[in-house]
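K.L.:
Next up is a structure, given as structure tokens.
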Amino acid sequence: MEPDFWHSKWNAEQIGFHLNEVNPLLIKYWPALDLAPNSQVFVPLCGKSLDLCYLAELGHKVVGCELNQTAVEQFFAENSLPHLMTPAKESISELNRFDASDITLYQGDLFSLTPEELSGVDAFYDRAALIAWPESMRLAYVEKLIELLPPKSMGLLVTLDYPQEALKGPPFAVSNDWVMANMADYFELELLSSEDVLNENPRFVNKQVPWLTESVYQLKRRG
């Protein structure tokens, strides 16, 4: 999606994708990665997710990237986190940087993020990034993720799948076949769960979407 689309959603407070709790799937499946507490975790398209705080509470150093500055500012304000903001013009980065004790957020275009800015990353968590891209842009995101993540890094990926013609995304439908066809060359993939969650999502029910499958994958970057 174009940046203006996401900025307009935040400006209008149309953020149905935001959860007001830690994602239960993160709580359930993150321990399977068996990471050291001080591991550094990358969270792309993080919004103001409470998952960032949860990961930090586990002892991880969390690095997120979010396009919209309002989302970043709300995250720190709503969680009462003192932070330091470094504008892009005052650093070598093309993104604004917000630093709290265990959480760093880069604000700006994900595609401007560099591997150097993620040096030290051991893991990643994608709940709402892959499904935020229409199919025409999705592969470019995967290629960027591959560029940013070092070999052997572990990750958790959450996807949604449904008949795309039944509803205009985002979130967009991402099938298991798409994940395997486009990511298996770069990641070892293990499907941890796949469940129908239609009844838990009124928007999809109201649009008469016939089914909605939420899947969780464990990934390991090849190399």
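Every residue, even glycine, has its Cβ placed from backbone N, Cα and C.
According to Swiss-Prot, the record shows the following:
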BINDING   Trp10, Leu45, Glu66, Arg127  S-adenosyl-L-methionine binding site
K.L.:
Sort Glu66 (S-adenosyl-L-methionine binding site) into helix, strand or coil using the DSSP assignment.
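P.N.:
Note: Glu66 (S-adenosyl-L-methionine binding site) is in a strand by DSSP.
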K.L.:
For Leu45 (S-adenosyl-L-methionine binding site), which of the three DSSP-derived states applies: helix, strand, or coil?
P.N.:
coil
